[in-house]
Every structure is written in structure tokens, then in C-alpha cells.
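Annotation comment: Swiss-Prot describes 718-938 as domain 'Histidine kinase'. Annotated domain 'Response regulatory' per Swiss-Prot: 960-1074, in sequence order, evidence recorded as sequence analysis. Annotated domain 'HPt' per Swiss-Prot: 1098-1197, in sequence order. The phosphohistidine annotation in Swiss-Prot covers HIS721, HIS1137, and the record cites sequence analysis as its basis. Taken from Swiss-Prot, the feature 4-aspartylphosphate applies to ASP1009, supported by sequence analysis. The signal peptide annotation in Swiss-Prot covers 1-21, and the record cites sequence analysis as its basis. The feature topological domain 'Cytoplasmic' is assigned by Swiss-Prot to 22-325, 559-1197, with sequence analysis given as support. Look at Swiss-Prot and you will find 347-537 tagged as topological domain 'Periplasmic'. Marked as transmembrane segment by Swiss-Prot: 326-346, 538-558.
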Amino acid sequence: MKFLPYIFLLCCGLWSTISFADEDYIEYRGISSNNRVTLDPLRLSNKELRWLASKKNLVIAVHKSQTATLLHTDSQQRVRGINADYLNLLKRALNIKLTLREYADHQKAMDALEEGEVDIVLSHLVASPPLNDDIAATKPLIITFPALVTTLHDSMRPLTSSKPVNIARVANYPPDEVIHQSFPKATIISFTNLYQALASVSAGQNDYFIGSNIITSSMISRYFTHSLNVVKYYNSPRQYNFFLTRKESVILNEVLNRFVDALTNEVRYEVSQNWLDTGNLAFLNKPLELTEHEKQWIKQHPDLKVLENPYSPPYSMTDENGSVRGVMGDILNIITLQTGLNFSPITVSHNIHAGTQLNPGGWDILPGAIYSEDRENNVLFAEAFITTPYVFVMQKAPDSEQTLKKGMKVAIPYYYELHSQLKEMYPEVEWIKVDNASAAFHKVKEGELDALVATQLNSRYMIDHYYPNELYHFLIPGVPNASLSFAFPRGEPELKDIINKALNAIPPSEVLRLTEKWIKMPNVTIDTWDLYSEQFYIVTTLSVLLVGSSLLWGFYLLRSVRRRKVIQGDLENQISFRKALSDSLPNPTYVVNWQGNVISHNSAFEHYFTADYYKNAMLPLENSESPFKDVFSNTHEVTAETKENRTIYTQVFEIDNGIEKRCINHWHTLCNLPASEHAVYICGWQDITETRDLIHALEVERNKAINATVAKSQFLATMSHEIRTPISSIMGFLELLSGSGLSKEQRVEAISLAYATGQSLLGLIGEILDVDKIESGNYQLQPQWVDIPTLVQNTCHSFGAIAASKSIALSCSSTFPDHYLVKIDPQAFKQVLSNLLSNALKFTTEGAVKITTSLVHIDDNHAVIKMTIMDSGSGLSQEEQQQLFKRYSQTSAGRQQTGSGLGLMICKELIKNMQGDLSLESHPGIGTTFTITIPVEIIQQVAAVEAKAEQPITLPEKLSILIADDHPTNRLLLKRQLNLLGYDVDEATDGVQALHKVSMQHYDLLITDVNMPNVDGFELTRKLREQNSSLPIWGLTANAQANEREKGLNCGMNLCLFKPLTLDVLKTHLSQLHQVAHIVPQYRHLDIEALKNNTANDLQLMQEILMTFQHETHKDLPAAFHALEAGDNRTFHQCIHRIHGAANILNLQKLINISHQLEITPVSDDSKPEILQLLNSVKEHIAELDQEIAVFCQQNN
């Protein structure tokens, strides 16, 4: 019986559990909160108070998706967390009982609210309250911001990056587009669990994590304190949680809103601080209380320029993108969340430049500025939010004393206001102003400075991170602390007020936390290149100068040593001279006494003169017959002035050696003889006749080279003008033709003018080539029997239009006897006449140009043509006439006209080659007359061979033509020309394709460009000729030099033609191409007779057999190669047997022999090289058979 109470209690417990499980919720036993935050009493209306008194209990629903930071249960089923603290405050503020129920999800909680089972739903973190007409939401209870997290050791990673990065998140928050705004190439990995997402960043699997600041910071504080760090907060997208009530519960909604309004930022910060070690932004829940004027200012100035000093840790640093980091970077991040202002950094090297030397308007805010009264005249300062003492930094030593000694070098930054005060306190110290405190730490460590003035925070950071066992710091007594704040241009008081309000809203504990965070931050590297670049360049320059000067000094010493060796050699030569004067010196040397008599000489002296004239050389130097008569007087005068001097004097003059005058470089010196009262003269000379002549010849050649260079430059300038002018005209006419506004007559005229301009350009190139041919001796005259009056008349007629356009009278008269022909090169004669006539019309502005031609008989078979071209132009001066027939020479009037300056030079040379003469007579302002005389052979026309009537050009029919050119425009033009003449044309884009087409098909003519990629026209011709191909080949080239044509003919071309190729030229050369006859080709391998006998001369059957043979052998041969490589001997022999059988049917003897050899050769590793060689022979032979089969099929189609 004593167990009955326990059994009853157990049954009751089981019943209650079963009953509880039947419900949709779990009811918590209460709220556990140790928060001592209090609220001011809520000002509720009587109506609201009565409602609360009647209500007595508020049932609040939550759901399981609430995170542990916001809401969780302890072991006694009591709720804890930030939301629990807020609910506890609500309970105390309203003095009402709260009942909390946990539902499985948000929807079930909302269903309970709508059905009246609960009064309030406390939502999870959402972007906005639910849109429901039956539900009302209060103002947000909690606001969270997206936080960017990375590893602690990589805290200086850029906050934005265009490089590929991996970013983790939870439950698709924040959205992709938000992440891609800062990381366009980010790979986003979504996790379902926050711990897993953060662990992936800590392990290095992902670069960043982005999530809610409250939940993320709580997780970091618990599990990742020493590995992860929040580096930035984003302004959006924010998340909120709300109290949700039914729409009809108006009083309840108003009471809850009063409660939310009573939660000041300070209260919210204290509530969150119990649960968050970092990332507590609860002080941002309520916006700043800005005036309308300040709000308007922010709208007008959303983006501000921030001056950033990257060398002032931990206050301010920059990452690789130049973004502001450090304490000031985090403060600016918070200000952005408060105000929406955006900050763009402008990096400077130190605060002097930042604060006072930038132009107004170039910056808006300077973070981390140290307040001073002097600087307040230039800038505005916000209220100080960091205060730190000044310290001295010195080297750490066992006997270190915390004081400054006399003579120490102490550095102080320019922008510290302590300079004058410290100078008074320590007058015996040498104070050195520096640009930046952080950069001076290294100088203290190296001993360049004895001490440095810095702020305590800056010193602590630099020593802990870079000089932990080398430097230490101590406080400076008797000086005020440094006050750090923001500075602004004096014209921006509104910005100052806004920043002050933002700073005042930041709790001091948050500023301290940020400071400690950055002081303890590991692995932060400061790029000091800008600070030391100037010193680096100076040191580098000095080093280069030092090395250069050393090299120069070494080079100077080397030259000195070499010079010393030369002098030493001269001394040795003098000693040798004293010992053996006559044997050692090849140049003539002699000794003269003070009276001028030659007392000794060497053999070279005697050999220099003829035997007869040697006597004169031995006469006293003062004798008028002596060749050295001019030497003695100069020697005597010099000696009288410098008797003790051993200077060698030289003189260049000419002497007679008995045969000719020779130029010598004569030298003499005084030699005092200790045993004699008088000194002697040691003399000699060097014959420099050849040297002088050589120098003169070199000078002549040098002048020629200079003149050639000048002529070349003049030629290039002239050719540039002469080629550009017609090309510009052609382009202009083509541009007109591309339009649609021209009439038919205008289009014809434009085409005609463009063609004529092109012909003039070809004429210019022809002139240049004529000069080349003439000067190289390659110009060959081709004399013919010519009717000179008719030739002159036709040439004059071609210039009639030009003369008429200038209103110049052009007349042509002749006294030639009738029926006489002369033997002369008509092209050369016409070129001379055209040049002279063109010049006459060019330089005549008014008047007339007259041409007269006459024939002066010498005998019955010989005569002289005399022709004059007279104009009334500007005329030539004598100086201009002297230069007229030189290459590229132009008169002053000629430079105002177009022309190459080659025409008259060519005329002169052509007339000279025809054994004639060209002269001129000209007077300025009157005109010029050119006279041509040429001796010629003559014959009466009746006795001459009558010229055959011009036969019409007959073109061969049915030509198969292949053109090879890599330029599609050239191929198209030539194809259209040949199509116009009625020929079928095939095309190849280079020599390789042309070779392939020729091997596969028969052609009657190949026209190939000379310059092509891979295989050019010359190489293509050589390869075809190596194959014994008789195919006619014409080469085309734009290089109009004669050697290019010779190169083409030498490699086997039938013709080498110059571009452009006109229809007339094509017709002329095609007409000379023999008509293609149906000739039975010679076959090297195919036995056509056997094939005819086997097929009863059935051409169709013959072609089918040959095509079948081609198809089968092209299948069997690769199979044989593959079988041999795979070791399949049976398949190999089957393939070779089929090839052997086909060869027997067609009586292909060479193929029969090779395939038989393959069949009888056993396959082994030793015989494989021989078999492969035989297979390659089969392959080459089948390729030759393919060509012959192609020719046979084409001939019989």
C-alpha cells in the first residue's frame, strides 16, 4: 500500500505529458534575466491602464526559429536571451504577468494569434513585418545589420574586390545582388547552419562570411574569438523583429509601441552588451536627432572625401584598395550606418599635407586629427573621442633612463603642438621635425635618432608589432594629452554638427573596444614605400654615380698605364737610335751642325733621292740648291729662343727628290753635346704624300656620301609627295563613285580620271626604274623603223587638252621629207619628247609652245634628226641651268609644281644612249628652247618592209586556269578579268593549296602571286618544275625591278608580269599561249593500252575501274599501316595481297614489284624498318598514280 502514492504521481505525470504533447506549443515556466537595466515609467492613458488591469496576463507566442542569442531556454525551461531581457523589461514596465508559448514554426504562432489563443507574436528577424490586413506590427524591437567577417590574421583584406572570392552565408541572407555590389566575381556558398558557415571561413575554405551582426557576433564570441573578426557593417539589407498583434487589439498595439519608444539606445546597448562581446550596434536602433537643415545637407552631400594617412596605426591605415581601415575606418563605418554618408579616401603621407596644404574643396573630412589651437585657425574640429598621452620612444637598454640627455637628437612630427613647449622644457636637446611619427620608429631603432615623440597608442602599436624587444616608451611629464577627433574645412559647420551628433551617439565603451581591437590586431603590414621612396631614389642615384665615377677613374688609370707604356717605348726607341741610327729607322734621318751642314744621315736618307739629286741634298741647308733651304732658317730661329729645350718641331712642306715633288712632315730637335761648344740638330721626315692623297680621296668620298644622303632625303620627300598626290586623287574619285549622286557621265569621267591618275603613278615608278636601269647599264634600246612626223604629231595631240585648258597655243611643224623612215627606239624617243613637252606646258602660263622637226641628210643611209621644243614660259637663270640635268634637281618654279625631278635627267641619258645631244637655251621671263639632235639610219618608205596589217588578237579557247594569290581582292579582280575573256578559273589561297590542286587536277595555265605565305610563287614554281611539270606558269609581282623578273624566270616561270595586270596585257600574253590541243599525255605508270584491251576501249568502264582502284587502295594502304603498328600480321598480309592483285589487273609494274616484295618479307621486329620503307614507297607511288588518273579522267570527260 505504501507504493500507491508513487504510482498515482507517476500516472499523473504521464497524463500531463500526454496532454502537453497534444498541444501545438510548449509553455515556458518563466523568464530568466539578470539584467538590471531600468526604464522610465511609461506614460499610459487611463484607458490603457484599465485595459491592462483587466487583462492581467499577456500570452506571447514565439517559435523555434528564434536563434539562441535572441531566445533560448535553460535547464528549468525558463527563457533567456536578448528578447527575454526585453520581455522582462516589458513585464516590469506594464506590471503584468507574461505567459510565453513556443510554437513549432512561425505560421503556427500566427494561426494561434488569429484564433485568439495568444495576444502577441514576437517575430523572428525579418526584412519587414508580414503583410496581413488582420495583423498589426509595432515599431521594431531589434535592428540588425549585415556584417562582413574574415579571419583575424587577414583582417586587412580588402572590403571590396573585383577578384574571385568565396563568400559564405546562411539561409540566403543577404541576397546575391547585395553581395555582388562589393564582390562582383564572388562565389556564394549558402549554409543551413551558422556555425558551419563561420567554421568554413576559419578553416580557410571561404574568404568571407556575411550575416546578421547580432547572431554572427554572438557565435564569434563563443567559438571563434581568436580566429574570426568583423571588419565591416553594411547599411542594408537590415533585419528586424516586431511585436505582432491582431488588428482589433489597438490598445495593446499602442502600449507595445510606447514600450518600444521607451527603449533608448543606451538601454538597448546595455541589454545587448550582456550577450555580445563584439558587434553590439544596438545604439543605432534609433536614428540621430538631426535638424531638417542637417538632413537636407546630407541629401546634397552624400559623398565625402576623406583624407587618409596610411602610416598612423592604429588610428588609420589603408588596405590594398586604399580603403580607410583602423580605428578611424571602423568609426567612419558606424557613421555611415548612422547618417548614410559615404566616404571616399584620399591618401596622403602625413598630416601636415592633410590638414593645411590642400586646396579648399579638395577634401571634406580628416579623421584622427590631433587638436591644436594653431590649426583651429585653418580647420574645424569635432569633439574629441579619443584622448591619449604623449610619450618618448627610445631604444631599450639595461641602463635605460626615462629622461632626455644633453645633445640627444629627438624627432617630433610637424603636426604636434608640443614643439615649442618641449623646446623650452629640454633646451639642450636637438629637435628634428619629421613628416610622420610611424616612419621615425625605424630611425630610433637604427640609432639615427635618440628619441621620438609619439602618442601612447601609436607607440604601443608600433613597439608591440615591430620593435617588441628593441624599443620602449615612457610618458612625457607636464604636457597635455593628445585629443584625437575629426577635422573639417572651415566652411562646413553643418558637417561638424552632424559628425558631433554621430560621435556622441557611440558609447565610449565601443570606442575603447575598437581601439583595443586594432592594437591587438596581428599581421598588419604597413606599406612605407611612399615614405622611403625619395631616400631610396637618392641612395640609388648616389650608388650609380659612385659606381660610374669608379669605372671612369679605372678607365682613366688604364689609359694612363697604356700612355706610359707608349712613352716607355719611345724612350727605348731613342736609345736604339743612339746605338744604331742608320739601321733602326726606316724614315730618312739626318744630323745638322750649327752651320747648317749635314754631318750624318741614315740609309733611308740616301735612298730617298736619286743619285744625281743626292748631291743637292748634301749641300748646306742655307744653300739655295738644297731641298731643305726652308728648314734651316726656322730651325735657327727656334734654337736661338729655346736653346735648352728639347722640343721636337714639325713642319709640313714639299721637297724635290729628283723625280717629283713629295709632301713630307719634317721634324727637328736640338741636341746639346756636353763635349762641344755648339749644339746639333737631329732632323728627319716622314713622307705623307700617299696619306695626304688618301685623306683627300676620303674627303671627296665623304662629300659624295653626304650629297647622296641629301639626295636620298630629297628623293624620299619628293616621292612621298608624288605618290600621295595621285593616290589621294584615286581615293577621292573612288569615294565619289561609292556615292549614288553621280550621273552616268560623271561616273564615266571619274573612272577615266582615276585610271589616268593611276597611269601617271605607274609612269612615276617607271621613271625611277629607268634611272636605275640607266645608271646600272641595263637599259637596252630597241630601234625600229619609225615614221617620226606621225610619232611627233600623235604625241603632240595627246597634250592638246592640257594646252587648251591653259589657253596655250600648241603647234607642231615638220620639214621631214615624205616617205622616209628612221631607225630609232620609238618608246625612248617618245618618252623624251613627252617629258620636254610636259615641262614646257607646265611652266608656261600664257603664250605658245612650238615643236619643229627636221631631217638633215648625211648620206643616202644616214641623217640627223633635229627637233626643237620652244616655250614662252618663265625661263631659267644660269645657276638653274647648271643644276637642271642632275638627279632630283628642281628649279624654284619647279618646286611649286608636281614632279619627281628625274625627267630631264632621264631625257639627257636617253639621248646620250642614242648617241645624240640635248641642249637648251633659256632667258628668265622670255622662255626656254630645248634642241635635240640624234644621228639615225634612214630608209625610204617604199623600200622598207611594209608593216603588216595589225592582226586581230586571237585568244585560245577552253583554257583551265588556276590562280594562286593570298590577297582575296587580287584573286577576285584577276578571276573577273579571266571570266570576262571566257575562261574557267579555279583559286588557291597559297602555294600549298596550289600544289595540292595541281596534283589532283589538270590545268592549262597557272598564274601565281610571287609573295604568299607558307610557299611563295618562286618556291611553288620550283616544286612544280621538280615534278617535270610542263604547266605554263606566269608570275605576278608588284616589285617592278628587273631583278625580280629575272628571279622568276630563273626559277622556271614562263613569264613574270608586273602588277597591275590590265585586260590588254592579259589578251596579249594569252594570245601568245599556244592553243590547248587534245594531246594524249605521256603516262609514266599507267598502262593505258592494257586497260583499253581489257575493257574493249570502253572509256566509261576504264574510268570506273581506275576510280575503284583509287578508292580501294586508299582504304587498304592505311589499314596495312595500322595492322603493322598493331602487330596484326594476318590483316597486314590481306591488305598487301589486295593491293598486289589490283596492280596485276592494271599491269602496274612498279606497284607489282613493291607489293610482291612486301608479301614475301616476313614480319618481325628486325624487318619492320624495311617494311615501313617499302610501305612509304607504295604511298608515294599511289600519289603519282592519283595524278595520272586525274589527268586521264579530265582528258576523257
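Glycine residues also receive a Cβ, built from the backbone N, Cα and C atoms like all the rest.
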Count of other CB atoms lying within 10 Å of the CB belonging to HIS1137 (phosphohistidine): 14
Mind giving me a neighbour count for ASP1009 (4-aspartylphosphate)? Other Cβ atoms within 10 Å of its Cβ, every protein chain shown. 23
For the topological domain 'Cytoplasmic' (559-1197), the averaged pLDDT of the predicted model is 79
Taking DSSP helix as H, G and I and strand as E and B, the domain 'Response regulatory' (960-1074) has 51 helix, 24 strand, 40 coil
Where does HIS1137 (phosphohistidine) sit by DSSP, helix, strand or coil? helix
DSSP composition of the domain 'HPt' (1098-1197), residue counts helix/strand/coil, works out to 86 helix, 0 strand, 14 coil
Pairwise Cα distance for ASP1009 (4-aspartylphosphate)/HIS1137 (phosphohistidine) [Å, integer]: 45
